[in-house]
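J.: One structure, pasted below without further comment.
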Amino acid sequence: MSNSNNNSSSGNHNSTTINNPKVNVYSNIPNSTTYTYGSGGGGTLSGNNTNNNNTNNNNNNNNNSSGDNKNHSPVTSATDRLTKMDIEEKWDNKNYEKDEREKSPLFHILASNLNSFGNFKVPSTFSLTPPEPNKQQQPQQQPQQQQPQQQQPQQQQPQQQQQQQPQQQQQPQQQLQQNNQQQQQQLQQQQLQQQLQQQQQQQQQQQQQQQQKQQKQQQQQQQHLHQDGIVNTPSTTQTSTTTTTTTTTTNPHTSGLSLQHAHSSYTPSNVLHSPTHFQSSLPTRLDTNPITTPIRQQQQSQQQLQQQQLQQIPPPTVNSFFLPPPVNARERLKEFKQIRVIGTGTFGKVYLIQNTKDGCYYAMKCLNKAYVVQLKQVEHLNSEKSILSSIHHPFIVNLYQAFQDEKKLYLLFEYVAGGEVFTHLRKSMKFSNSTAKFYAAEIVLALEFLHKQNIVYRDLKPENLLIDNQGHIKITDFGFAKRVEDRTFTLCGTPEYLAPEIIQSKGHGKAVDWWALGILIFEMLAGYPPFYDDDTFAIYNKILAGRITFPLGFDVDAKDLIKRLLTADRTRRLGALKDGALDVKNHRWFSDINWERLYQRRDNGPFIPKIQHQGDSSNFEMYDEEEMVEEPPSSNYVDPYAHLFKDF
């Protein structure tokens, strides 16, 4: 049996989402901005430009700002005129390159955005160099013709610069984008690798904890089996000195089978475990594909949580107590002494019997073959024997042997002396919230186990629940149990506990057991079922109507659980969803239940029945007595139903 700790009614699954905020190194650059050359320093957002006036103004401003030209003497001769023009022309060209470099929008883009990478300095040679003006000396008589020649290349410069600007501006931006993308990818890969390493380390730690839990649970399970005196377990070899004593069982459930076992006095501390620090120090192997999507990581984390919760409780072993049928049924029946009838049904009775050899007590279910055939219960009876002989669970009654004679079928069960839950519920009128929760939790574990075996119980009610001497539940009467892969259409069960899909003959499956659990919890807390009437068809109508009236003082969490279990739509019913019984176990009404401890029966139940001795039957109601074994028929008698129960 495995435990799983999700939260579905809580419905919560933890997931890890990787958030990698992108660092935008272009945050200072406007998305769509047109830069043009203006008369000031740097680009402006204006659309038009006057080249002639700006050029003349720049030349005039440069000349006026020059310290050498502030007090320059007037031209007195042609030679002085040429010398002055040559000096002014060189000065203008030098200032032109400097001003145009500073006015370039590309200069401001790089200067403003590349500062984040450190102390970046724009090289002095980085400029949009215009074509050099014509420096040929001309006669003094043509000064007015030279001035238009100087203005003409200056008019062509903005056009050439505007053509070169987009190409040169795009190249550094593309390089920066590529560098940033590479850095972001590297950061993402590093983060993903770190998360994968952490997940693998957590998985290793969880596996170590699970292994330790499984070892402890196996030891405790073996100790429990030793105490019950059921299996023959050899003494285990240990590092410390142990003493082994062989004893004969006196357990009332198994001593009639004449089994012996060896008790080994070992403790959990004697078992050697590998140190956790050594296991955690082992190198971890990274995944071959470390880059995964957040959706994939969420799915993996959900699957891991489900597996961890399901692996907390080990699966129960196969029923190793079941014995093959005896060679001679009549001789086998002579070994038992009939005490009294403790239960009755439509086609049979249940007897308390005692083994005459060792004095142990059992419950014998006797069924008349003719009645079984007349009521068309052959398939159900064969299914009950087949299922109980192949399963074992702490909260399901154990079947030890099945055999038949010429007229009857016999099922040998363990005797549960605490009586039926139905009897105790009628005496106390109703159970407390804690008592009902304890019984319901053990039933949830039993149903979870059965459903994993594809077994539908279909007859959950207080009459089929027994209480043992430690106060724990034992589910009995598997007459309606059936292995179902998908759906079945047989109409069977108790009217007050039938699910709507059974009444409507739509086909039913495992979801009907969760509906019956909701009815049972309501009845344990209220003292009566939610859908009750003297007329069977009136009960069916109330079930289909789905109106539930809760009494005053009903627990709020229990009310919410019952409403979720008693959902008419089986596709939305709690327990029948994707996570199955895990949704029921994660409901807040069961928040204080330790499922692993409950499965291992570490604590006694809330109610310990009064049992004077092993064969005490005072907790069962009185029934009319009837002989368990009939007289053998004549030697010429031929069993007409032998072919129907050949595998019994």
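A Cβ is built for glycine as well, from the same backbone N, Cα and C atoms used for every other residue.
Because the structure is a prediction, the values reported are computed rather than measured.
As listed in Swiss-Prot for this protein:
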| type | residues | note |
| --- | --- | --- |
| ACT_SITE | D459 | active site, proton acceptor |
| BINDING | I342, G343, T344, G345, T346, F347, G348, K349, V350, K365 | ATP binding site |
| COMPBIAS | 1-20 | compositional bias 'Low complexity' |
| COMPBIAS | 46-67 | compositional bias 'Low complexity' |
| COMPBIAS | 136-175 | compositional bias 'Low complexity' |
| COMPBIAS | 232-254 | compositional bias 'Low complexity' |
| COMPBIAS | 255-290 | compositional bias 'Polar residues' |
| DOMAIN | 336-590 | domain 'Protein kinase' |
| DOMAIN | 591-648 | domain 'AGC-kinase C-terminal' |
| MOD_RES | T490 | phosphothreonine |
| REGION | 1-25 | region 'Disordered' |
| REGION | 40-86 | region 'Disordered' |
| REGION | 121-175 | region 'Disordered' |
| REGION | 219-290 | region 'Disordered' |
J.: Tell me, by DSSP, whether G348 (ATP binding site) is helix, strand or coil?
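T.: Note: G348 (ATP binding site) is in a strand by DSSP.
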J.: Say we define neighbours as other CB atoms within 10 Å of the CB. Which of the recorded positions I342, G348, V350, D459, T490 has the fewest?
T.: T490
J.: Need one number for the ATP-binding residues I342, G343, T344, G345, T346, F347, G348, K349, V350, K365: the maximum pairwise CA distance in Å, whole number please.
T.: 15
J.: Tell me the Cβ contacts of T346 (ATP binding site) under 8 Å, same chain only and six or more apart in sequence, or just say none.
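T.: Once residues fewer than 6 apart are set aside, T346 (ATP binding site) is near Y371, L375.
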J.: Cα-Cα separation of T344 (ATP binding site) and the residue listed as 'active site, proton acceptor', in Å?
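T.: If we compare the Cα positions of T344 (ATP binding site) and the residue listed as 'active site, proton acceptor', the gap is 16 Å.
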J.: Tell me the coarse DSSP state (helix, strand, coil) of the residue listed as 'active site, proton acceptor'.
T.: coil
J.: Looking only at the domain 'AGC-kinase C-terminal' (591-648), what is the model's average confidence as pLDDT?
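T.: PLDDT averaged over the stretch: 92.
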J.: Roughly how many Å lie between the Cα atoms of V350 (ATP binding site) and the residue listed as 'active site, proton acceptor', rounded to a whole value?
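T.: It is 17 Å, counting Cα to Cα.
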J.: Looking only at the domain 'AGC-kinase C-terminal' (591-648), how are its residues distributed among DSSP helix, strand and coil?
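T.: Here the numbers are 9 helix, 0 strand, 49 coil.
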J.: Between T490 (phosphothreonine) and the residue listed as 'active site, proton acceptor', what C-alpha distance do you get in Å?
T.: 13
J.: Between G348 (ATP binding site) and D459 (active site, proton acceptor), what C-alpha distance do you get in Å?
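T.: Just about 17 Å between their Cα atoms.
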J.: How many Å separate the Cα atoms of the residue listed as 'active site, proton acceptor' and I342 (ATP binding site)?
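T.: Checking the Cα atoms of the residue listed as 'active site, proton acceptor' and I342 (ATP binding site) gives a distance of 19 Å.
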